[in-house]
Amino acid sequence: MESTTVLLAASTLLLVLHASYGQFPRACSTAQVLLSKECCPVWPGDNSSCGEVSGRGVCQDVVPSNSPVGAQFPFSGIDDRENWPIVFYNRTCQCQGNFMGYNCGECRFGYTGPNCTVRRNMIRKEIFRMTTAEKDKFIAYLNLAKRTISQDYVISTGTYEQMNNGSNPMFADINVYDLFVWLHYYASRDAFLEDGSVWANIDFAHEAPGFPPWHRFFLLLWEREIQKVAADDNFTIPFWDWRDAQQCDLCTDEFFGGTHPTSNNLLSPASFFSSWQVICSQPEEYNRLRIICNGTNEGPLLRSPGRHDRNRTPRLPTSADVEACLSLTDYETGAMDRFANFSFRNTLEGYAVPASGIANRSQSNMHNSLHVFMNGSMSNVQGSANDPIFVLHHAFVDSLFEQWLRRHQPSLDVYPEANAPVGHNREYNMVPFIPLFTNGEFFVQSRDLGYDYDYLAESGSIEDFLLPYLEQARQIWQWLLGAAVVGGLVTAVIATIISLTCRRKRRTKTSEETRPLLMEAEDYHATYQSNL
């Protein structure tokens, strides 16, 4: 605890100004920019828009996907997130080569160096395999992010219509940690309809094909923001391997807070996190008032692990559940929503039963089961990122997505190009991020993005080589078994024939000397051929 306190005290002196990722770049939040609809900030390195003079990028028109979407959201042109980010901006920086960022001032994931030409691969570790110093440093970084205002990004506190179509900007400052809470909220919030009602069956980050790649991108951005705010380029997100867990092993004061001695819903006062305030946790109130979460503190972090609805989630996922999920060969099926059967994505997300792959509305499995089990701030979808356990949980979910990608080796065509729920088609820009990236761009293996997981990296290259062939064998095992059975029967028949022939030969051996040699040979061959 002492080392955590020292790290936190020292790190609060840091305020690093970097290009960043998130929703609205501060440089693009003025009325002038909103009215022009051009978000192409200057890169300070050469004082040109998007770093064009240095060949980093150019300011280009946004070209949204025109592929048809599913019927889950039967409206068009009523939500700011549709065809992201066209409502707010129709021109943004298009970065070139390995450059990245809202002004092309940074490197793509997996690259570093002044010209972004140096490859690097980071390893994410299981939190219980970290040293005490590593764990304490991680907790200190979280607290630092919670207390550091983002220098590059602001959050929207109103719809585009409420901003009078850009002439009256409505934005607010936000700390680095809460920026990502807000991003998760904004992607999953309900839609305001023109008749004054809301539409709940819409989510740009969940319940559809984009769930794994959206959260993969989200975690990478979160990881890089922590690296910047802590001035530690080697920082990686830890994960919690919750397979076969019987309880919340992280819910202690050493990690993310034990239970308060007099209130089951609050955290122990001995934990750093007991002082944390949550945001974006009142969706019903936002809908009633038709407002956007503005980042205002709404109360303490809540958590009551294990005191949940046992009928919905009887237990946490087992190793068998994980293996059953990973064995599903189809990434997406049917309507590609929470009712999809035999879908790896839907089973991983937790809307289908792992053992059968069949969707079940009455149960929460896999990813969803952890959210239900925590029974607090993490159980509210829109505000679930308030709990720091969210990050470790989703990092492990991302590692399972990675296992599936390596085992099944899908091509990009496996990710649906059209007819997915709004926001989830392959070429749809992920909401609400600037710079722009599509869902399909993160349907790739983690090593292509510059990171790996310790338990996957240890498996070695031989397993990576064999996995595709083992998977092919698994898919045709019925045919292999049938061939083996038929082969065994044929072998048995041939052995029987040879045995009978040999016995007949022995019976005729005693009279060989009294018979002509030619006749003996003819009889022998006739008998062999007849038996065969």
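Using the three backbone atoms N, Cα and C, a Cβ is placed for every residue, glycine included.
According to Swiss-Prot, the feature signal peptide maps to 1-22, an assignment based on sequence analysis.
According to Swiss-Prot, the topological domain 'Lumenal, melanosome' annotation covers 23-479, on the basis of sequence analysis.
Among the features that Swiss-Prot reports, N-linked glycosylation site is placed at Asn90 (among others), with the record citing sequence analysis. Packing around Asn90 (N-linked glycosylation site) is summarised by its Cβ count: 16 other Cβ atoms lie within 10 angstroms of its Cβ, all protein chains included. For the recorded site, Asn90 (N-linked glycosylation site), the DSSP three-state label reads coil.
Within the same chain, no residue at least 6 positions away from Asn115 (N-linked glycosylation site) has a Cβ under 8 Å from its Cβ. Sequence annotations record features per position, and here Swiss-Prot assigns N-linked glycosylation site to Asn115 (among others).
Marked as N-linked glycosylation site by Swiss-Prot on the basis of sequence analysis: Asn165 (among others). Around Asn165 (N-linked glycosylation site), a 10 Å sphere centred on its CB holds 11 further CB atoms from the protein chains shown.
According to DSSP, His206 (Cu cation A binding site) is assigned to coil rather than to any helix or strand. Neighbour count (other Cβ atoms within 10 Å of the Cβ, all protein chains): 22 for His206 (Cu cation A binding site). Look at Swiss-Prot and you will find His184, His206, His215 tagged as Cu cation A binding site.
Neighbour list (Asn234 (N-linked glycosylation site), Cβ cut-off 8 Å, at least 6 residues apart, same chain): Met122, Gln227. The DSSP secondary structure for Asn234 (N-linked glycosylation site) is coil. Annotation comment: Swiss-Prot describes Asn234 (among others) as N-linked glycosylation site, evidence class sequence analysis.
The N-linked glycosylation site feature in Swiss-Prot is assigned to Asn341 (among others). Taking a C-beta cut-off of under 8 Å and a sequence gap of six or more, Asn341 (N-linked glycosylation site) has these contacts in its own chain: Thr333, Gly334, Ala352, Gly357, Ile358, Ala359.
A C-beta separation below 8 Å, combined with a sequence spacing of at least six in one chain, links His367 (Cu cation B binding site) to Leu348, Glu349, Gly350, His393, His394, Val397. The Cu cation B binding site feature in Swiss-Prot is assigned to His367, His371, His394.
The annotation N-linked glycosylation site is assigned in Swiss-Prot to Asn375 (among others) on the grounds of sequence analysis. When secondary structure is read from DSSP and collapsed to three states, Asn375 (N-linked glycosylation site) falls in the coil class. Other Cβ atoms within 10 Å of the Cβ of Asn375 (N-linked glycosylation site), summed over all protein chains shown, number 20.
The transmembrane segment annotation in Swiss-Prot covers 480-500.
Sequence annotations record features per position, and here Swiss-Prot assigns topological domain 'Cytoplasmic' to 501-532 based on sequence analysis.
Here the CA atom of Asn90 (N-linked glycosylation site) lies 25 Å from the CA atom of His215 (Cu cation A binding site).
Cα of Asn90 (N-linked glycosylation site) to Cα of His206 (Cu cation A binding site): a distance of 26 Å. Neighbour count (other Cβ atoms within 10 Å of the Cβ, all protein chains): 24 for His394 (Cu cation B binding site). Figure note: comparing Cβ neighbours within 10 Å for the binding-site residues His184, His215, His371, the maximum is reached by His184. Here Asn375 (N-linked glycosylation site) is positioned 19 angstrom away from His184 (Cu cation A binding site), judged by their C-alpha atoms. Annotated pair His371 (Cu cation B binding site) and Asn165 (N-linked glycosylation site), C-alpha to C-alpha distance, rounded: 37 Å.
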